[in-house]
Amino acid sequence: MTQVTVKELAQVVDTPVERLLLQMRDAGLPHTSAEQVVTDSEKQALLTHLKGSHGDRASEPRKITLQRKTTTTLKVGGSKTVSVEVRKKKTYVKRSPDEIEAERQRELEEQRAAEEAERLKAEEAAARQRAEEEARKAEEAARAKAAQEAAATAGAEPAVVADVAVAEPVAKPAAVEERKKEEPRRVPKRDEDDDRRDRKHTQHRPSVKEKEKVPAPRVAPRSTDEESDGYRRGGRGGKSKLKKRNQHGFQNPTGPIVREVNIGETITVAELAAQMSVKGAEVVKFMFKMGSPVTINQVLDQETAQLVAEELGHKVKLVSENALEEQLAESLKFEGEAVTRAPVVTVMGHVDHGKTSLLDYIRRAKVAAGEAGGITQHIGAYHVETERGMVTFLDTPGHAAFTAMRARGAQATDIVILVVAADDGVMPQTQEAVQHAKAAGVPIVVAVNKIDKPEANPDNIKNGLAALDVIPEEWGGDAPFVPVSAKLGTGVDELLEAVLLQAEVLELKATPSAPGRGVVVESRLDKGRGPVATVLVQDGTLRQGDMVLVGINYGRVRAMLDENGKPIKEAGPSIPVEILGLDGTPDAGDEMTVVADEKKAREVALFRQGKFREVKLARAHAGKLENIFENMGQEEKKTLNIVLKADVRGSLEALQGSLSGLGNDEVQVRVVGGGVGGITESDANLALASNAVLFGFNVRADAGARKIVEAEGLDMRYYNVIYDIIEDVKKALTGMLGSDLRENILGIAEVRDVFRSPKFGAIAGCMVTEGMVHRNRPIRVLRDDVVIFEGELESLRRFKDDVAEVRAGMECGIGVKSYNDVKVGDKIEVFEKVEVARSL
């Protein structure tokens, strides 16, 4: 860049040299002669100086004044108006950079001064705390030293001096009390001003009780002989200290709070959110993001709830739903010597086959002679003594209680006596009894009754029961057949001997020294005594005063009665008793357990009551024909259980044969119960226990059965055409099989030429040889009848027009998605996948 002198610059700006030198000197430049060189930065400095001197900085004013004028009109009655003008004026001053810098420096100095003051304050507080600590230690040391000296002095003085030392402190309080009594006499009279002044000064002072409750803060003692009551007297700092002591505050958590979430087998979304201390909507939103749309009351399984809780950053503790039951089972200790117990026998049979007569004869013959004749049976269970031991009988008419016990898993019966009339043969109710006994897995002793009648035919009984898989011992089976006569008493001893022989084979054991455990046979609500339950003690000993847990009920045994209505104090194994004191009537088949205390009994009972509704709802869907696939999906071979009732024997046998023949290696039909006649309450109980469907062929259900079906949600169907039953069962089995995927070939096109398209790549010019070619369907490319590619038909055109389908004998252009290796001579096969239901 060329050098410019002061003289040349004066010529450029058309200014005399002397004036330019004067202006440059005012601008602070060192130039004094016309020959000196002027640099660009010096030119800029001169220009800035000239602008300032000529007033150009006024374009950036340092002070701005704003004026605002507002005019409003007010009405003053009638047509008169008053104009009100409001003027506002504001001035804004722009500070220079030097002022801003000075302000910032002042703020920094003030901040440093404040920090220094805080530091000094903290040091003073620390020094004060150290002084307090040292003073406290010195005081404790002095107190300990004084105590030691006092102990040493007391030990050295004789007993007389000790008496004087004791008497002196006693005398001092007496003198003090005397002075206190005299002081009120010397108190001068107070006027109202004194009282008002005292109230003003003492209204905020804490009382003695308040001072005892709130301990005074530790401070360095001012003087050793000055007593302090913890209240600051005088000074302006007392009020602020009181406020500071009563201050409350909340600190935000510095990090996420991790909670321990207890998750059972099932948990609702609301319960899960409550355990994590978050809103239920947050959990619902989180599960929506996971791809699981749920509601706030929806029940989650354990795995899903565990995943949600862990994703939200909480610890998970898996809890067993039956934890209380497991703890209860562990607390029950059945320790002691096991002894042989009496068998529990249930007598079953058809109504007219002499079951009641046989029971009456056994009771008359085996109960003590002094009690015979006027016996009143209070409960449906009793025990008799024989020469070979004791036998306990359960009277379960209609088999309702027996089926209910089996449904709840309570094996209350050891042996079943099946009473069959020799002159009548095997009847429908006899078949039901056999089905119940086999389902419970207990041995059967057959009593062929009415053997004294001329028309008796025992061989017919054996043939009929052999058809039900009850094989006599003479034929190589395991069921003893005993001919008896309930009228004459013939064969009763042999029957009891056969029962006791079966009991010896079963090796029934019990521990009398253990806490009582049993099962409920029946229960009722007595008007004068409240809930009364008939309990069969199976193990241990039940005593009066024991706390018992029975199903969802509990209570203390206030009284126990035997089968004759006499009060007893305790009952051993295989003894039936009536107990009083429960808080409700338990169901037949509920398990009775003696627990240690009432707290544990109440806790388990409430837990069972909570689960009762869930179990009932789950069981309501168990027997639905439509839900068979979900209910039995875990089994290797799916089974459809059926309880079948028909009007005549021929129809029943035909249906049983046809239904049993259905099925294959994956599914099967099992007729768990069948008979001739209407659907009874016993059939409904059997279907409930066996998870079966009730079928009635030309028969209907009675009131008791309908009540159970409605209460438990069983599936019951009526038919009058035999083929309808077979067709419905086939459909159910087909639904259990699932479905298959089948491929149908829609059409085949042969590639005649290949074109190139910038959009689709290789386009095959084809002739449809078979069927019909559809767009957006899966295809296969075959070369020499070998599949070389499988994909989707992307483009289908005919004469440059997109078409949905092309029939056989027509030409078309085909674009295959993501495939460009099409050659002349290839075949394109278009197919579809169809879901086909499997059939038997």
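Using N, Cα and C of the backbone, Cβ positions are placed for all residues, glycine too.
What you are looking at is a predicted structure, and each value in this text was computed from that prediction instead of being measured.
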In Swiss-Prot, of the candidate ranges 374-378, 509-513, 514-518, the one given as region 'G2' runs 374-378
Region 'G1' range according to Swiss-Prot, out of 69-76, 349-356, 597-604: 349-356
Could you say whether, by DSSP, Ile451 (GTP binding site) belongs to a helix, a strand or a coil region? coil
Residues of the same chain, at least six outside the region 'G1' (349-356), with any C-beta under 8 angstroms of its C-beta? 417-421, 424, 427-430, 433, 447, 449-450, 486
Quick one: give me the count of other CB atoms within 10 A of the CB of Ile451 (GTP binding site). 20
Say we define neighbours as other CB atoms within 10 Å of the CB. Which of the binding-site residues Gly349, Asp352, Lys355 has the fewest? Asp352
Per DSSP (helix/strand/coil reduction), Asp352 (GTP binding site) sits in coil
